[in-house]
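As recorded in Swiss-Prot, the features of this protein are as follows:
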COMPBIAS  233-244  compositional bias 'Polar residues'
REGION    214-255  region 'Disordered'
TOPO_DOM  1-27  topological domain 'Cytoplasmic'
TOPO_DOM  495-510  topological domain 'Cytoplasmic'
TRANSMEM  28-48  transmembrane segment
TRANSMEM  74-94  transmembrane segment
TRANSMEM  103-123  transmembrane segment
TRANSMEM  127-147  transmembrane segment
TRANSMEM  159-179  transmembrane segment
TRANSMEM  191-209  transmembrane segment
TRANSMEM  315-335  transmembrane segment
TRANSMEM  353-373  transmembrane segment
TRANSMEM  379-399  transmembrane segment
TRANSMEM  408-428  transmembrane segment
TRANSMEM  443-463  transmembrane segment
TRANSMEM  474-494  transmembrane segment
Amino acid sequence: MYTSHEDIGYDFEDGPKDKKTLKPHPNIDGGWAWMMVLSSFFVHILIMGSQMALGVLNVEWLEEFHQSRGLTAWVSSLSMGITLIVGPFIGLFINTCGCRQTAIIGGLVNSLGWVLSAYAANVHYLFITFGVAAGLGSGMAYLPAVVMVGRYFQKRRALAQGLSTTGTGFGTFLMTVLLKYLCAEYGWRNAMLIQGAVSLNLCVCGALMRPLSPGKNPNDPGEKDVRGLPAHSTESVKSTGQQGRTEEKDGGLGNEETLCDLQAQECPDQAGHRKNMCALRILKTVSWLTMRVRKGFEDWYSGYFGTASLFTNRMFVAFIFWALFAYSSFVIPFIHLPEIVNLYNLSEQNDVFPLTSIIAIVHIFGKVILGVIADLPCISVWNVFLLANFTLVLSIFILPLMHTYAGLAVICALIGFSSGYFSLMPVVTEDLVGIEHLANAYGIIICANGISALLGPPFAGWIYDITQKYDFSFYICGLLYMIGILFLLIQPCIRIIEQSRRKYMDGAHV
């Protein structure tokens, strides 16, 4: 599904040190790097796979709460949208805390969102617990997974990102089957409790994301509390713990009564030293945290808001408009296909092999095949990208016309294959803005995709509530998608016209 941040050049630091030229590390392109791929693969399964399977729960929520389809669709849309929208802002946590801590916290928040959602009394409760909480946790765990793969790989980065993101397709297939089974056997509330427990594995995946630099972080306050103190303070610490034994070694056995008197006299001094040390440690910790948060915020702010020149690039602005319309057309089938299956009485065939699973499996092959085709020297990446977009929008228009399982299966396969163009988005973005602005530009595109995922499914459900047909939902969303594609087509034409006019003006001056 989302390649999200494949090859986007994120360079967040797990430690607070300034970036330096790194020597070749034994784990680059090998060793522990493949554990990063495995960790990222399971993150994609647990996060993206479960989000693409939310159509199963959407049907259960409609039956439980008896709300409109438009309102109910907001639950899954919030979760999907927030996962993507918060991507650039999660960079602040990564700069401050590191990838490992961010991912572990994200796993806990995501699991908490699933568990609290099991006790929902209405749809509005789910907006907060599942849409916001689970979505935020997903975003916090997802971005570090992609960032760490990029940091551990240089020569094989494309292969590593491709392998890790295939977890989305596998996850969609597995999570759809799992949620259908859990809902049938235990009910949707217990299914969400179990899914919350499963989501705790995100913490395990996060624990595998160890920084490249071996050893402990020298800037950690717990490690430098003593070493970073003045010399006399360090001596005081040593003396308080070992003074009695030192005196015994240096001065012999001595008089026991004299030794007791000396220790009694020094107790107030030791207590004073301990208080001073405790206060000094607290001050050092607060100062260290303040500096680290400040540096992380400055890096994040300069990275995402210091590139206003990107918006002077009209092709990039057109690409943003495309992203605002495009992503919802991919998400809508996942959310509403289970309901369409029920409307057409195709549940028996769909139980054997769910339509959403067809999209997920073919999507894996689509990403690989389209990537290989786009790498051919005789083929333009833009042409492959546009052709895949046209195929996807055509499939969206045709889907409502299919009322049989076989017809829907063929269209779902086309949707899955053509949506593999998501693996080309980083390449297209780099062509537009250059490698130096790739990270920031791609973060903006992902935000636009998140807005599209947030608004698309509720809009389709709202249209169904008015017309009592899903046909118009797909037609209107497909039309909006076509408008986004037209933005991409118009801009090259404008560029050609401007170049021709410039050449004409230059010739006239000569």
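Cβ atoms are placed via backbone N, Cα and C, with glycine included.
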- Cβ-based contact of the transmembrane segment (315-335) with the transmembrane segment (408-428), 3 or more pairs under 8 Å: yes
- Query: Against which stretches of its own chain does the transmembrane segment (353-373) lie, if we need a Cβ under 8 Å and a gap of at least six residues from its ends?
  - Reply: 1, 3, 49, 52-53, 55, 158, 162, 165-166, 168-173, 176-177, 180, 333-334, 337-338, 341, 379, 384, 388, 405, 408-409, 412-413, 415-424
- Answer with yes or no whether the transmembrane segment (74-94) touches the transmembrane segment (443-463) by the criterion of at least three Cβ pairs under 8 A, sequence separation 6 or more. yes
- Count, for each of 159-179, 191-209, 379-399, 408-428, the Cβ pairs lying under 8 Å from the transmembrane segment (103-123), and report the range with the highest count. 191-209
- Residues sitting near the transmembrane segment (159-179): Cβ under 8 Å, six or more positions beyond its termini, same chain? 1-4, 6-7, 33, 36-37, 40-50, 52-53, 56-57, 145-146, 149-150, 152-153, 191, 195, 334, 354, 356-357, 359-361, 363-364, 367-368, 371, 423
- Query: Where does the mean pLDDT land for the topological domain 'Cytoplasmic' (495-510)?
  - Reply: 75
- With DSSP helix as H/G/I and strand as E/B, how many residues of the topological domain 'Cytoplasmic' (495-510) fall in helix, strand and coil? 15 helix, 0 strand, 1 coil
